[in-house]
Amino acid sequence: MSLLDHVDPEISAVIRKELDRQRNTLVLVAAENFTSPAVMEAQGCVMTNKYAEGYPGKRYYRGCAFMDEAENLARDRCKKLFGAEHVNVQPHSGSQANMAAYFATLKPGDTIMGMNLDHGGHLSHGSPVNFSGKLYHVVPYGVSRKTEMLDYSEILDVARECRPQMIVCGASAYPRIIDFKAMREIADEVGALLMADIAHIAGLVAAGVHPSPIPYADIVTTTTHKTLRGPRGGVIMCREELAQAIDRAVFPGIQGGPMMHTIAAKAVAFKEAMTPEFRRYQEQIVRNAAALADRLIENGFDLVSGGTDNHLMLVKLLKEGITGKEADETLESAGIALNKNMIPFDPRTPFVTSGIRIGTPAVTSRGMKENEMREIADLITEVIRDMKNPATIESVRSRVRALCERFPLYPELG
């Protein structure tokens, strides 16, 4: 970073401090991961200089031949990776991918069914504070109070009553496998489109570790970071008959020029995701999540739905008598980064919460396995059981640093 040190030492110092934080923190935020140096190199390339409004072969500006090559590589690799008929790699984020999907297929005021945010859904699936909840009539569905899992017969009942134009399946905090086939059958019964948002599980789906929605959903959206371990961005996959509407909704519908440096980085990430190493990595994510969840249960914690099938888990803190906000703040001071999270039927507000969400993608990227997950679960337990004791916090912080040093992050960055 010698050039940045010279041009902007303040920003250079902030970046170095963030690198140090990532290296010496157990990152358990389920939505975060560590992308490869190759992806970061592509994202910092000269393609950031180029405007490329439009699509390959049909650009508004001249000089886009190599932009076309890069975007076609990204599209073709994503198609192959997921088995999709059509792919748009231009969305700047997952929320913009969802917006484009809605704009391509719905009218303002149409009815959408989406998973309740409090039960594990996402803001862009119809939350009243989000554009999706303001533009469309949203009927939420949730998990069973008894099992804390999706009850597809209950979802069918809701669909029959409201007759939505679209059903959105997918979540940001749901620890179980989603039955996309069942959701397709529900959508077919009421004549609705089915959209699957796989932002959290895209890497698992790409590797065959989680069932794919591609055979069942009309539209599939995702982010390219999280388990997919690419740059921050979005992707839309759809059936060929929706391709033109989707592409027009992205550009010129909601975006102008695409971020070609990010699209180049997406192409790199898709190539990495086609390797046997990536599949082994995804399998390890799931094994690690199971090991961490099992140890937390052994240590006396209650988990939403009793465990996990994927990369994340939700820990209920009601019987501990503490809030998610208190837990995540104290854990961060001990070097463990996760997030407070609503649990199903949570009596507290989203800014306080009764739970925490824990994910294993980032620590798995560092090379940690089941033994380390059990160690991490014990560290979390120690902090939560003795939150008011500064000596405990400092002791855990020291052990977290030692664990991180055993699995170094980005040694090539100096």
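Residue 1 is the first one shown; counting continues down the chain.
Backbone N, Cα and C atoms are what each Cβ position is placed from, and that goes for glycine too.
The (6S)-5,6,7,8-tetrahydrofolate binding site feature in Swiss-Prot is assigned to L117, G121, H122, L123, E241, T349, P350, F351; the stated evidence is sequence analysis. All chains included, 25 other C-beta atoms sit within 10 angstroms of the C-beta of G121 ((6S)-5,6,7,8-tetrahydrofolate binding site). Following the DSSP three-state reduction, the secondary structure of G121 ((6S)-5,6,7,8-tetrahydrofolate binding site) is coil.
For K226, the entry in Swiss-Prot reads N6-(pyridoxal phosphate)lysine, with the evidence type sequence analysis. The DSSP secondary structure for K226 (N6-(pyridoxal phosphate)lysine) is helix. Sequence-distant contacts of K226 (N6-(pyridoxal phosphate)lysine), defined by Cβ-Cβ distance under 8 angstroms and a gap of at least six in the same chain, are A30, A31, E32, N33, A199, H200, A202, G203, P361.
Sequence-distant contacts of H225 (site 'Plays an important role in substrate specificity'), defined as residues of its own chain at least six apart whose C-beta falls under 8 angstroms from its C-beta, comprise A31, E32, N33, T35, P231, R232, G233. What Swiss-Prot lists as site 'Plays an important role in substrate specificity' is H225.
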Study note, to complete from the structure: L123 ((6S)-5,6,7,8-tetrahydrofolate binding site) has its Cβ surrounded, within 10 angstroms, by a count of other Cβ atoms equal to 17
Check your understanding: Looking only at Cβ atoms, how many others are within 10 Å of the one on H122 ((6S)-5,6,7,8-tetrahydrofolate binding site)?
Key -> 24
Revision key, fill the gap. Across all protein chains shown, the binding-site residues L117, E241, P350, F351 give the max Cβ-within-10 Å count at L117
